[in-house]
Amino acid sequence: MVGARGIEDVIATRSAPTTGRRGRARARATVRTRARFDILKPLRAGPRFAAEQSVDPRVYRGAYADWTVDAADRAEVFAYRGSLSAMSLGAALTAGLCHAGDYVDAEKAYFLGGLGLGGALLMVHMYVGEIRAAMRALWSVGFLGSAAIAMSAQEPLPVYVWEHPMSVLLVGPMFAALTGLAFKEGMCYGKPEAALLFFAVPAMCLSHLFGASADVCGVEANVVLALLVVLALRKYSQPIKDDIGDKSIFMFQALEEGSDEQLEFLKRARENGFDV
């Protein structure tokens, strides 16, 4: 794994015994750096360890270093995909139970789907952390808004939202987060179902908010449901490395901006033939 050794060298250099205020600050920085790289131990420990621990013998070339897929990576990917499955299952159960008139259980299924979306946003790998944080914030607002309605309304949440279109303003941020996730899946992997979700989800919410007919809203909800199921199922046919992204970029981003460790990391990458 070309370049992975540089991380170990950087951390070893920064962890040299020091004294005084500057030394203690440097030691604390070393501890933080090590903590950030715990999940990247196979990379930091060098090629032989990485090869032994990897669950995929293939080595992928990143922007800053070569990397492999280890057990922790695979667990994160399947947690992400499992969360998407829980989201789509919750949506399907919500629709089915509403159709059967069981709105109390439909409310529970709705929150199952919401938690699935929250889990997916927790596990998703994105290079731009600010966008991911914004999506998580939107999910939090929408989930809390949904919970507030469920706890205060006299009727189950699905009934209340259906009878009070303005309540979309409370639950809608969670669907905005779903729209962002659909955009990520569509842009990164060219998935048509994700691209369609990017338009279908806001169309469904806005149609209900502005008083579209029940038939129109029903068709849009069914389209969104079908796309969610397809998206969740097709994720399992995708290579694990795709959901990880370029692992070396996350390694670089984990280092403090402008720090000696980050500069040394770049130096090692260039020495190993990476054009950064």
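Using the three backbone atoms N, Cα and C, a Cβ is placed for every residue, glycine included.
Heads up, TrEMBL stuff is auto-annotated, nobody curated it.
Residues 110-117, 119-120, 155-156, 158-159, 178, 221-222, 224-225, 228-229, 231-233, 235 of the same chain lie 6 or more positions beyond the ends of the transmembrane segment (84-104) yet place their CB under 8 Å from a CB of it. Annotated transmembrane segment per TrEMBL: 84-104 (among others), in sequence order.
Under the heading transmembrane segment, TrEMBL lists 110-128 (among others).
Residues annotated as transmembrane segment in TrEMBL: 137-154 (among others).
Outside the transmembrane segment (166-183) by six or more residues, the chain places 87, 114, 117, 120-121, 124, 131, 134-136, 138-139, 141-143, 145-146, 148-149, 160, 194-195, 197-198, 201-202, 204-205, 208-209, 231 with a CB less than 8 A from a CB of the stretch. As annotated by TrEMBL, transmembrane segment applies to 166-183 (among others).
The feature transmembrane segment is assigned by TrEMBL to 195-213 (among others).
Residues or ranges marked as transmembrane segment by TrEMBL: 219-237 (among others).
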With pairs 6 or more apart in sequence, are the transmembrane segment (137-154) and the transmembrane segment (219-237) linked by at least 3 Cβ pairs under 8 Å? no
Are there residues at least six beyond either end of the transmembrane segment (110-128) with Cβ under 8 Å to its Cβ atoms? List them, or say none. 76-77, 79-80, 82-91, 93-94, 135-136, 139, 142-143, 146-147, 150, 157-158, 174, 177-178, 181, 184, 243-246, 249-250, 253
